[in-house]
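I have placed the structure first, in the form of structure tokens, so that the comments after it can refer back to it.
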């Protein structure tokens with residue numbers, strides 16, 4: 001619900017795990033991979049799941065590389 005944060009009031013975590021980097025971070029700083037996650041979410045927004053997997057593959061790969069730190 002937009003006006004009442006019912007999940008926070010009840011202490012349940014249903015869908016906050018979906019966007020870990022977009023959550024409120026300590027000290028108000030963005031997460032390390034926030035930019036990559038944002039690109040991936042913006043690319044897939046409004047597309048169907050099958051089409052988003054095909055068209056947003058480069059953004060998803062960049063996000064996973066950042067999360068797993070494979071190319072640092």
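Each residue, glycine too, has its Cβ placed from N, Cα and C.
Because the structure is a prediction, the values reported are computed rather than measured.
Residues or ranges marked as disulfide bond in TrEMBL: 33-66 (among others). The Cβ neighbour count for residue 33 (disulfide bond), using a 10 Å radius and every protein chain shown, is 19.
Look at TrEMBL and you will find 43-56 (among others) tagged as disulfide bond. The Cβ of residue 43 (disulfide bond) has 16 neighbouring Cβ atoms from other residues within 10 Å, across all protein chains displayed.
In this structure, the C-alpha atom of residue 66 (disulfide bond) lies 16 angstrom from that of residue 56 (disulfide bond).
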